Amino acid sequence: MEKVRDLVREGKRVAKEDPRRVVHSFKVGLVLSLVSSFYYYQPLYDSFGVNAMWAVMTVVVVFEFSVGATLGKGLNRVAATLFAGALGIGAHHLASLSGSTGEPILLAIFVFIQAALSTFVRFFPRVKARYDYSLLIFILTFALISVSGFREEQVLVLTHKRISTVIIGGLSCVLISIFVCPVWAGQDLHSLLASNVEKLSFFLLEFGDKYCETVKDGDTKEVDKRKNDFDNYKSVLNSKSNEESLANFAKWEPGHGQFRFRHPWKQYLIIGGLIRQCAYRIDALNSYLNADIQVSIDIRKKLEEPLRRMSLESGKAMKEMSVSLTKMIKPSSSDLHVRNAQSACKSLTSLLHSGILKEVESQELISLLTAISLLIDIINLTENILESLHELASAARFKDKIESPIFAEKPNSKSIVCGWATKGQDDHVVTIVNDDCCNGNTSEKGNRSNKVLIHEKHEDCVHEKHEDDDAHVHSSCDSCGHTSLRVIVECR
């Protein structure tokens, strides 16, 4: 009874982990029920006979979780069956010309040659990646048709029935897979990369505080959640095989949604490789948090500001890239965060050259410099990931990020200002495009366009006020993400 309860709990866990698994199970049952009618329905059985079981076998073998995997297997099986069937008929015809004595000998030679050659070709890396299953079916089908044809007089009828049932079974799988709650391998790969980048961002956003010991204990649940997010990067270390299989399946899929035909799936593998390299550095960097040899708190305090900025800015860049991938928009502020991280890196280098570490013991010095070196590598890899993401955004035609208009209330007039925030090289400009309180006297004021310049300095914003004869415009920045601005306009 205990084992039954364990199985039920495990079933609930698997279903909750990915509800699409439950849907896929029903889809497989539906297709099997449909193709089984070839065996149950007498007119269909009269047409195909025992060969109707090939349709059932095809469904069991071909139907995979994603559309790409199903389509790839289905096309491979159908193509291999057609090709092997044609060669099998040809081999049977040639062998029959040698008479009853030489026929079995020639058939055995043909089977040996094709099996040996096909098996050797399966070792080719590119062939094994995409066509391994088709070669396996080719060997099986050729052997069955050529061998069974020796005892079967109507070899053409036998081949026709087997090929027909295989095509019917494969086509049923593909149609159900595409049109009934489809699971796209390309979408899964896209989401996997976005999730992996986000996991790295969690670590980098928290690392500066943890290394400098500035994290304060709070609610137990919140602390546990932050610890889980902090350690989530470890799942990225072993994601290579999953990414490669998803990319392989995605190449078989037709265009769908924002994933057009000939989508640049290879670029996803390049980005995934860079993300894993970054995760390896992060894993090594994480070991210095609990190392036996720790740098004194005084030294950490002296280096705290640039270290925290390096980690925080690279984490923000990763977070922005994750959002960009998720929404399929071009990354906007990630370049700025990477530059800020590199600027902090230069500040840290200058601080180290100032002789601040003269009194540090050699073992502590090695530990500190290794951690700093790893963090610098992570910043460089963050820049490489961003460059690859820009290439992907260009090749996949990601949308440009459209800034939403800013609405602000005008005191003393109960009216609204509508503006757009745009980013320049070194500042952010809020352009007021509609001023309701000035609409009442257009002859005096005309169509005005006020601009507010907001200059950045690290994480804070220094504001510059522009003033004319009619209105005073004040601005403030709530965040460095430049997504939240308040514009207050006073009209006289």
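Every residue gets a Cβ built from N, Cα and C, even glycine.
Because the structure is a prediction, the values reported are computed rather than measured.
Residues or ranges marked as transmembrane segment in TrEMBL: 21-40 (among others). Within its own chain, the transmembrane segment (21-40) is flanked in space by residues 14-15, 48, 52-53, 55-56, 58-60, 63, 65, 165, 168-169, 172-173, 176-177, 180-181, 183, which lie at least six positions past its ends and keep a Cβ under 8 Å from the stretch.
Beyond the ends of the transmembrane segment (52-71), by six or more residues, the same chain brings 20-21, 24, 27-28, 31-32, 35-36, 38-39, 44-45, 77, 162, 165-166, 168-170, 172-174, 176-178, 182-186, 188, 246, 248-253 to within a C-beta distance below 8 angstroms of the stretch. The transmembrane segment annotation in TrEMBL covers 52-71 (among others).
For 105-124 (among others), the entry in TrEMBL reads transmembrane segment.
Residues or ranges marked as transmembrane segment in TrEMBL: 131-151 (among others).
Residues or ranges marked as transmembrane segment in TrEMBL: 163-185 (among others). Same-chain residues lying 6+ beyond the ends of the transmembrane segment (163-185) with a Cβ under 8 Å from its Cβ atoms: 20, 23-24, 27, 30-31, 34-35, 38, 48, 51-59, 62-71, 74-75, 77-78, 81-82, 85, 246, 249-250, 253-254, 256-257, 259.
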